[in-house]
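Input: a single structure, listed below in structure tokens.
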Amino acid sequence: MALIKSPSVFRHSLRWNVSWLFVLSAVLCLFVADISIRSFDPWAELGRLVSGLLQPSMSGLDDIGLAVLQTLAFAMLGVALGSVCGLFLALVFHWRWIRMMCALLRAVHELFWALIFLQIFGLHPLTGLLALAIPYAATFAKIYAEILEEGDRSAFDVLSHQTGWVSAFFYARLPDLWQHFKTYTAYRMECGLRSSAVLGFVGLPTLGYSLSTAFMEGQYSQVWALLILFYLLIASLKYWLRPSLIPVYLCVAPFVISNDQTISFANVARFFTQDIVPSPLLKGESLVGLWQWFADLFMTQALPGIINTLVLSQIALVATGLLSLGLFPIISKQFFGRVGRGLGHVFLVVMRSTPEYILAFILLLLWGPSMLPAIVALVLHNASIIGHLVGRFSNDVRLRQDAPTGINRYTYELIPRVYGQFLAFLFYRWEVIIRETAILGILGVATLGFYIDSAIQEIRFDRAMVLILITAILNIVIDGLSRYIRNRIRLSQAINIR
Amino acid sequence: MNTSIGALFNRTVVSLALVTSVILAPVQADDVKTLVFSAIPDQDESSLKARFGKVADYLSETLEIPVKYVPVKSYAASVTGFRNNQLQLAWFGGLSGVQARNLTPGSKAIAQGEEDPEFYTYFIAHHSTGLKPGEAFPKEIAGKRFTFGSKGSTSGRLMPEYHIRKNLGKSPEDSFSTVGFSGNHSRTVALVESGSYEVGAVNYKVWEKMVAEKKVDTDKVSLIWSTPGYPDYQWTIRGDVDATWGEGFSDKVQQALLDMKDPALLESFPRKRFIPASNEDFIAIEETAKAIGLLDE
């Protein structure tokens, strides 16, 4: 009795409070969000979609073998370049301006990087390579830095002071952390494949090129053939992505992506000295003109864009969390045998490898335009990624021999043990979800990314740059907030242990 | 473990160095420069390479220089490619042509399809709206869910937006409950057919082709209004081609396009034949784009 009355027993953990705070904020966002279901005859188009699935066909598609190779090559090189640069950045990540710069670079979706580099380099392979490598380097920097921060320093601390910096790193830090680096980099390779494929949407010669063409034309047999090919590529990753083979791949890849395009330095110079300079400045107008231009852009595009982006991503974030908690058991050894987990993996691979754009279109046919298809598409995609990561993490959890099974095992044994890790994954995903709201313009949801895309399509790079900068600032704020919350939660865990 | 890390690191560094050298290595230039052309990806994107490859062969034979077709993925990419001299000749829409010529001094429109001086946008509606075809702009579409095609399209965006603003007196965002950009004309038809969007604006040629091929259920979605005619697609060539391929080269290209008589080639566009065009033919498009804020004054 005395125990129950004691307030300390009933005090909720910070994790609990943070979780409910986020759920509450998402519920509040639901009130402002435009969510509705209005549709009449989705079945004709959905019928065509399903009949395409029943008879996938490659006929009519040009050079698919080459597109697969290009997808692989861009992904390999982009991720490799990103990870090497990311490692160097990670070593100096404690410098505030490096952290800010990385958050800024991460804030821009790969597709927008590609659209920017298309302006500068045209279809030169550098466009695709940099569009992948830049945001990936920034992400690698952040995660590698955290791995370094949390890793075991005992070997490093006992080194002689005369030990060179490079030797110290390679002999005393890297060996302990190697496994973490490897696991994370392999995971990013899968992301890299997805990104590489999606870059085809804006004209790179990867799988997404034919996929978006087929999709835009309603050639669903081809769409499914390409998607299945892509699922297989992702699912078989662990069989062909061997550390010993990577140097071979990296040597072949440049030859695969090289083409006969050349870089014009006049174009590069023009991009920086004219294209992205605000038009009032270029026309020699006064500062008042510039301010009006900016204020107009901010009030009519940036502000509504920020609001829509935040509302959409907040709901998607919380729903992603809930769904991934439901999904992770399907690939966990704690719950299913080989066959069950196999099916679980198939489901998760399909969900996370189908471009959100296609998911959103299918849902748009079903429900009509509102935020709902956007939310569900984002949630399905991201929850299957987090579900995959949490599921893998749960495999390493050791339970007692007599641990309960079924729902009791899930609620009393697994959830408490994976929850911290789950929250960490979710907070990492926060900024990704914000970035991904960009590509759902088909739904009539005007996020920041929607306006950036419009500015690029209107060939107004000055506006696109301002909007991209605003997106980046938003991302820096979110990144800081997520870092702060994660630190607080970790602090509370340390106290609990004591 | 350490050695494998070190070895892997070394190999990675070597590979990356190789990458850089291959990518930055300049490619040998041909003796005669290749003319590169493209077309905006507005319809029937599939097997573009095969179809436009034939056009490239025809131009190559007629002009007696190497000609290559390069596909692009968006209107903006075709304009950029042209501006950056990665394309010297392009089959543009009305708006993309104006954008490209504004950004590329000296470039000129040289040919258009016979149909292009009088092009149309159709407004199509889902049957549940009860809207009927008529001569006058259907003001009842106000407040409905509306979708354009691609953001940079003349027939899918510019002209319909112009007529919406003119007749409803408000921007599309204020006129409709939801405004979407489907991405292209055949997506617009699919989305209005499903009722996701109640009204849409579509290139009349795409609509008529889909109806003829029975790719659309006309009980579900039907034509309710046609815009007045406006100039649309055209071939545009860069001004500096004469300097590269010799005096009078752009005239030769124009003549080659006008002489294109093979229906199999014309089918790619699809046009009956090509007729001469000039930059002045598209002033109306430029004025319209400025009026709705798609181009700066």
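Cβ coordinates are placed from backbone N, Cα and C, and glycine is handled just like the others.
Sequence annotations record features per position, and here TrEMBL assigns transmembrane segment to A:64-91 (among others).
Here the transmembrane segment (A:111-134) has Cβ contacts under 8 Å with residues 74-75, 77-79, 81-82, 85, 105, 192, 195-196, 198-199, 201-204, 206, 254, 257-259, 261-264, 267-268, 271, 275, 438-439, 449, 452-453, 456, 461, 464, 468 of the same chain, all six or more residues outside its ends. Annotation source TrEMBL lists transmembrane segment at A:111-134 (among others).
Residues 52-53, 56-58, 61, 64, 68, 71-72, 186, 189-190, 193-194, 197, 207, 210-211, 214-215, 345-346, 349-350, 353-354, 358 of the same chain lie 6 or more positions beyond the ends of the transmembrane segment (A:223-241) yet place their CB under 8 Å from a CB of it. Annotation comment: TrEMBL describes A:223-241 (among others) as transmembrane segment.
If you look up TrEMBL, you'll see A:306-331 (among others) marked as transmembrane segment. For the transmembrane segment (A:306-331), same-chain residues at least 6 beyond its ends with a Cβ under 8 Å from one of its own Cβ atoms are 19, 22-23, 25-26, 29-30, 32-33, 340-341, 343-345, 347-348, 371, 374-375, 378-380, 382-388, 390-392, 394, 410, 414-415, 418, 422, 425-426, 429-430, 433-434, 437, 445-449, 470-471, 474.
Per TrEMBL, transmembrane segment is recorded for A:432-452 (among others).
According to TrEMBL, the transmembrane segment annotation covers A:464-482 (among others).
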